[in-house]
Every structure is written in C-alpha cells, then in structure tokens.
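Written below as structure tokens is the structure these notes are about.
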Amino acid sequence: NLLHFSFWFQNVGRNERIIDADQTFSPELRHWRDVFWLAIFIIHLIVLGVLLAIFGLNRFKTADRLNIDRYTEGFWENNNGLTETYWPKYAVAGGVGTGLGCIWLLLLGSRANQMMKVSVHILTTYLAVISVLCFWCEQFFWGVAFATGAALQFLYVIAVIDRLPFTMLVLQKAVKLVWSLPEVTRVAYAFMAVMLLWMGIWSFGAAGVVASSRGDLGRWWLLVVLSVSLFWTGAVLCNTVHVIVSGLVFLVLLHGGRNASSMPPNSLMKSLRYAVTKSFGSICYGSLFTAAIRTLRWEVSTPAFTFF
C-alpha cells in the first residue's frame, strides 16, 4: 500500500500544483497513460467472459449442450461430466475465502502487531508442513524442495525481524487513518462485489472445463490461462482500490484533515475518476506482473496437493 501511495503521490506531483500558502489544489490536464494495456484488459474481459459462458453452458445440466466437444477432441478427453457437479465446490471455496479475508481485515484493524507476526511466520510454517507431508508420502524430491524453501524463508525472516517494529507502527497508523475515512470502505465493498460477480462467472466456466476432461494436459494448460486472467482481474480491482484510497489519504494528510476548509470538494469521487479512467491503463499494466507471479506460485504449490 505504501508503494501505491508513493505512486499516486508522484503522479499528483506531476499533474497538480499548489498555488498558494493554503495548499489549495489547481488540477491541470492529465493525459491517459498506458492506453494499450487498458484496451488489452477490456478486450480480455469481454473475450474471456464469452468463453467462460460457453464452457459453462456446454456442460450445464446436459453434456455437450452446445456441441463443441468435436473441436476439443485433439487436445483433451471429453466425458459426460456436468458443470453443476463442480460449480458448488468453487462457490464454497469462494465463500470460505471471502469469510477468511473479512476476518483477516478485522483482526488486522484490531490486532495489527499479532497479525504482522503471523504474516511473517505463516509461510515458513506452511512450507515446513508441506515438506513433512511430502516425505510422509515418499515424495522425496518435493520434500527436499519444500524443506529448502522453508529454510530460505526462515533465513529471510531472521534477516528482517529487526524491521518489524517500525513496519507495525506504520501499519497501525495506516489502518487508523483508513478507518477514519468510512467512505473508502464503501468503495472497497463495491469493488469486492464486482470481484465476487466475476468470480462467479469465472468459476462457472472453470467448472465446465473440469467437467469436460479426464486428461490432465489440455485441461491443465487451459486452467493456467484462466488462472492468469483471474489473478490479473483481481489484482486490477485490488490495485484500483489502493490507488483510490491512496489518493484520498494523500489529500487528507496534505490539508491537515478531512474536515479542513482547504479540502477539495468531492475528493473521493475525483480520486475514483482518475483511478478508473486516466490512470487505469497503468494499473492494468502493473497488475499483469502481479498476476504472472501469483500464477507461478500457484503452479508450484499445486503439485504438492496432488499427492494427498
């Protein structure tokens, strides 16, 4: 979040100027940034949305409803599975993830110190547990790999452990400031609803893909592509919220409080407008790298669970 705040601060510094001693903003004309990636993201959403609907409907209640299995014979094995067989599982997983996310945010706001310590040590614990399970299942290669990862993560924790007090102080101040701005919470909830809607569409199509194939190769690569899209969309929505919040927090800090007389009117709507229009291309471009990294992490962690 601090990186997003810095990014927004630099953009504001380039595009807006303080014209008097009272720190009153005079917005100047902003240019659209990274329009190419904005177009790619929108086109990707449209095309993928259509494909997800086709994949899901093709196996909904009737196997091969749209008669498209003849186009997939060459690269995966078609069967008589149905979308509704797998879709509830994705819905339960999405609901559990949403619930855990809400609990995490609530705990982060009230128990920042403890949650920071948990965040630092949880990955080491996760890798160590997976390593033990791999050895137990006689998967020695993956056991050694995850044990090595746990050791490297532990060394990293040891290297940064002395920075935790300062990090926790910054986190506490940031959480306190954001909680004092209830309007940004409403924006976050709105974006969460959009993400849940897209997650429903995505899981519908992914369930259709899983239902149509017994083979691993074609289904695996298609699910990898779908995962990149899901991570990219989620990162774009998340980073858009970060930019909106950072913009409002910047103005509040600059003007000495949200109720200051010099505070520009409709600050939240202006920040929202800049984030979803002229800065949206940059958000899409930067989020693509995050999606690629998350997909690689998913590919690495998935094989471990196939052993159990």
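Yeah, the Cβs are placed from backbone N, Cα and C, and that goes for glycine too.
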Open item on the list: Suppose you had to name the range TrEMBL annotates as transmembrane segment; which of 9-27, 275-293 would you pick?
Closed with: 275-293
Task: Range annotated as transmembrane segment in TrEMBL, from 90-108, 147-165 - done: 90-108
Open item on the list: Quick check: do the transmembrane segment (187-210) and the transmembrane segment (35-57) share at least 3 Cβ pairs under 8 Å, counting only pairs 6+ apart in sequence?
Closed with: yes
Open item on the list: Using Cβ atoms and a strict cutoff of less than 8 Å, what residues sit near the transmembrane segment (90-108) while being 6 or more residues removed from its termini?
Closed with: 114-115, 171, 175, 192, 196, 199-200, 203, 206-207
